[in-house]
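Reviewing the structure listed below.
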């Protein structure tokens, strides 16, 4: 077989004509120091703040400190395999998470990767986790109610869609229970919920997920978890990942509830990172920008104007106090950022008042304008009744001979406390809340023994469901109270059938 020179030259010419010079340019640096989840890298001169970088073993990192001679990078994963001298590559991307309908019902980590064993999440949409909060002109004042299903909150400390309401209290006072009940009550309310667990035990997160699944709430909930065993950078990123997933729905005109459980652990993780990055410490060893850490997160909760689609994000951040001290650094910071706080007290919790809400220290700064008219009317005097009861209760312990007016206030107060108690995972529709509070404030419960109040309440709801469904439907549809004589007839009709225990 002879080889022809022309064929060879033709082939070479074709190769030369089709040759495409593809040069990939990577900005790379070298690890000069690594430890405790932090790497110092030399050579990434053009690196952006917050940019993702990739280590040679495939683990991602996030640029935090841009210094003259090196870059301080927090490592978003296992760092044991990273060695001094390893190559680090810029990605040119800011930290992003996947977003969209596909995440609903899933449990993900702060990078948006599924951790529930149900396979990959098939979404091509992503959003950067750090984004600008809506401006003044893009917002609208809070005016729609967000019903939590908890009598004490919906009556005394109402929350509106787009509000930021802090839930604050010691450990084991029922903070998570308040949030879970609120999520359960959003069923059929056209709300999407995002539950962000920061630094929780994995067993606790599993318990929350099972509660949501049992009540059918996972159908509209995304769970973002960075458990206590995860590295500090993931705990720091978790709340931003959660609100980013919520923003996708808000900007599409939907209503979202985001629960951050809890921001104290995020602040502690950020303190750890900052100290390892050698940033100067301030009060309680927190860095100087710990206020900005929380303010830029919570400012992203908003009620958007009609021009922007009228969506909303309601934020329920948690802060854990030590021995009820709400004047510590992180609690005062978050109180000053939010639109009110719900203070849960351990003394009340252990004395059997659950939810253990301290009505005197709790406040909702903007929720009043979102409350339905019926609730406003029946709950108007409730806070004062409760405050004067707590005051008189202290005096009543010293002497037994009280005048009639004082005794009447004490009796009403004891019944008010009893009515505001509620069982776990049993949120109550707003119309039923109005019905029992109407009976309480109009004095229909004054002759019922305190021990029978809870039983009275349950049987009263059953009676209304069977005989006066129109009254409940009227409150639910119009938001107004029915005529006094109709309500009076219903309550008196039930009282005739109710048998007190003594």
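Just so you know, glycine gets a Cβ as well, placed from its N, Cα and C.
The structure displayed is predicted, hence computed values, not measured ones.
Database features (Swiss-Prot):
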- 169, 170, 171, 172, 173, 174, 175, 176: ATP binding site (BINDING)
- 362: site 'Required for activity' (SITE)
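Shown here: features listed in Swiss-Prot, placed on the structure.
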residue : record                       : contacts (Cβ under 8 Å, 6+ apart)
169     : ATP binding site             : 175, 320, 321, 324, 343, 344, 345, 346, 356
170     : ATP binding site             : 320, 321, 322, 323, 324, 344, 346
171     : ATP binding site             : 320
172     : ATP binding site             : 346, 349
173     : ATP binding site             : 344, 345, 346, 349, 356
174     : ATP binding site             : 344, 349, 354, 355, 356
176     : ATP binding site             : 204, 208, 261, 318
362     : site 'Required for activity' : 156, 157, 340, 341, 342, 343
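In the three-state DSSP assignment, the secondary structure recorded for residue 169 (ATP binding site) is strand. The Cβ of residue 175 (ATP binding site) has 24 neighbouring Cβ atoms from other residues within 10 Å, across all protein chains displayed. Listed in chain order, the extra residues whose Cβ falls within 8 Å of the Cβ center of the ATP site residues 169, 170, 171, 172, 173, 174, 175, 176 are 320, 344, 346, 349.
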